[in-house]
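Step one of this worksheet: look at the structure below.
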Amino acid sequence: MSATEVDDVLKLIGCGYMQVLMVFSCGMTCLYLINEIMGINFVCGSIAEDFQMNNVQLSLLASSAFLGLILATHYSGYKSDQIGRRIVMLYSLGLGLAASLISMLMPSFPVFLLFRFLTGLMLSGGSCVFLTYITECTQITFRPHIVTFMSYFFALGWIYVPGVAYLFQPLNRIVFSWGTFDICRWRISLLVNAIPGFVAFGTMFILPETPKFLLSKRKDERAFAVLNRLCIINHRKDLKSFGVTSVWQDNVQEDQSPPRCCLIQMWLDTKPLFKPPYVRPFLHVTAVVCCLFFVGNGLVTWFSKLRSDLTNEKETMCGDFSCEPRNNTSGADDKSKSNVYMDGIILGVTALSTFIFTSILLVWVKRSLILFINSTIAFLCGFSLNFWTNQHAILIALVVFLSPMACSISLAGSALCDVMPTHMRANAVSLALTFGRLAVIIASGILGFFFCMQCYVVFNIFVLFAAGKFVRGSILVSNNIVNEPRYSQISIK
């Protein structure tokens, strides 16, 4: 054969050293993203003491980077469909690291807050493009497995962040001084949290652009060169040895119209997502992603608060929850922080175990069924929290409630990658993630305003979202409503 479809070439190449490096690089991007977004929550107390912050300022700080992610995610996805996945990730990681490092040196709260917002804004590219990048370099049948393997790093982030906080807790608030500038404990924690970002940035330089993006831009020779490089590394033979001399791809982007205003062009490129044949799979998968974000990430943001306020051994979680500050001595407060850090590590270990279990299930079970199993387990554990009074049982039920929902996000995202053509894929994923992150903001607002007054009612709203019927129905439909020719012939697992 001479001209071969790109998915057939990827199947021929299989998974080898380069795919491992891609998974590692995208995984470190995930880990760095979690560190930047979650890491600030574990050092807010020290930062508040250093800058003499009030509760409103603490709330702004905790959400600043996440708000930056939301505002720029869709634009980053759109831009990666224009200039490439790899280049957007390099710019995103480089600028994000620069903004993060500068923020660590800021002597006042307003400027520190600004650079935390800019960190989230810059990292928006890496937060949405890594999923598109890894799926476009992987054969179809391996995509759910590869995405799940890469998502291990999200769970590692849930272990890494509280682990770093626990490690640095015994240090003095001011570790040392450099002239009039104090090097505080929280600044060192943020620096250690940034290490995975440097690793991801360095490894991304070695990796190529995705062949599917190059083909979508009619750069066939470059795409063939990338695939040939992957083949040589994996098999020690070039593609011509297998009879492949050129590659092609379905759904190549049509010639673009003359450049317009950025916002107008972004809207024109987004409109096809809301037209047949893509509107149904896009809306179904996006709804599932929002549901998973609402429960899985919305409650995770309050995990430390939930655990730190549980002290009564004879009360349920909501029965013991209080928004009033606890009257702890210094020693008791340090012990309470240590317990919260350890609970965070337990949550991360549980999430990692869930990912490993999902990887094993994917060998025999369809992705839609795994999502249904995860949502069912989450519902049962969440519902049981209305009755448990033992603190160890509450911890186990809470982490098992949160982990399956959070771990299902990447699987739902990979389904969207499967049903979208190359020139729309990153745009679709980024828009779905934007809606999902807005769901987290809504969830956090509901928890902040109403959780104290109506704990049982609010918590059971999250339990109902995890019931599984909506998630199951949406995903099952999304696997059968794709009209794109290439995928209509493929059974996606």
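From the backbone N, Cα and C atoms, a Cβ is placed for every residue, glycine too.
Among the features that TrEMBL reports, transmembrane segment is placed at 12-34 (among others). Tertiary proximity for the transmembrane segment (12-34) is limited to same-chain residues at least six positions away from its ends with a CB under 8 Å from its CB atoms, namely 4, 89, 93, 96, 123, 126-127, 130-131, 133-134, 137-139, 142, 146, 149-154, 156-158, 160-161, 193-194, 196-197, 199-200, 203-204, 206-207, 227, 229-231, 233-235, 239, 242, 244.
Per TrEMBL, domain 'Major facilitator superfamily (MFS) profile' is recorded for 20-486.
Here TrEMBL flags 54-75 (among others) as transmembrane segment. Residues 36-37, 40-41, 44, 47-48, 109, 112-113, 116-125, 127-128, 266, 270, 301, 427, 430-431, 433-434, 437-438, 440-441, 444, 448 of the same chain sit 6 or more residues outside the transmembrane segment (54-75) yet have a Cβ under 8 Å from a Cβ within it.
TrEMBL lists 87-106 (among others) with the feature transmembrane segment. Below 8 angstroms of C-beta separation, residues 29, 32, 36, 76, 79-80, 112, 115-116, 118-119, 121-127, 129-130, 133, 181, 187, 190-191, 194, 197-198, 200-201, 204-205, 209 of the same chain, each at least six residues beyond the ends of the transmembrane segment (87-106), sit close to that stretch.
According to TrEMBL, the transmembrane segment annotation covers 112-134 (among others).
Below 8 angstroms of C-beta separation, residues 15, 19, 23, 26-28, 30-31, 33-35, 38-39, 42-43, 130-131, 134-135, 138, 185, 188-189, 192-193, 196, 338, 340-345, 347-349, 351-352, 354-356, 358-359, 362, 406-407, 410-411, 413-414 of the same chain, each at least six residues beyond the ends of the transmembrane segment (146-168), sit close to that stretch. Per TrEMBL, transmembrane segment is recorded for 146-168 (among others).
The transmembrane segment annotation in TrEMBL covers 188-208 (among others).
The transmembrane segment annotation in TrEMBL covers 282-303 (among others).
Residues annotated as transmembrane segment in TrEMBL: 345-364 (among others).
Residues annotated as transmembrane segment in TrEMBL: 369-388 (among others).
Annotated transmembrane segment per TrEMBL: 394-416 (among others), in sequence order.
According to TrEMBL, the transmembrane segment annotation covers 428-451 (among others).
Per TrEMBL, the feature transmembrane segment maps to 457-477 (among others).
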Spatial neighbours of the transmembrane segment (428-451) far in sequence, C-beta under 8 Å, 6+ residues away: 59, 63, 66-67, 69-70, 73-78, 80, 127-129, 131-132, 270, 273, 278, 282, 285-286, 289-295, 297-299, 301-302, 321, 323, 409, 413, 416-417, 420, 457-459, 461-462
Are the transmembrane segment (188-208) and the transmembrane segment (394-416) close enough that 3 or more Cβ pairs fall under 8 Å, when only pairs 6 or more apart in sequence count? no
When you scan the chain for residues with a C-beta under 8 Å from the transmembrane segment (188-208), skipping those not six or more beyond its ends, what do you find? 18, 21-22, 24-26, 28-29, 31-32, 35-36, 39-40, 42-43, 86, 89-90, 93-94, 96-97, 100-101, 103-104, 126, 160-161, 164-165, 168, 171, 175, 226, 229-230
Checking distant contacts: for the transmembrane segment (345-364), what same-chain residues at least six beyond its ends satisfy Cβ-Cβ under 8 A? 144-145, 148-149, 151-152, 154-160, 162-163, 166, 300, 303, 370, 373-374, 395, 399-400, 402-404, 406-407, 411, 493
In the same chain, who gets a Cβ under 8 Å from the transmembrane segment (282-303) while lying at least 6 residues past its ends? 41, 62, 273-274, 343-344, 347, 371, 378, 398, 401-402, 405-409, 412-413, 415-416, 419-420, 428, 431-433, 435-440, 442-444, 446-447, 451, 462, 465-466, 470-471, 474-475, 477-478, 481
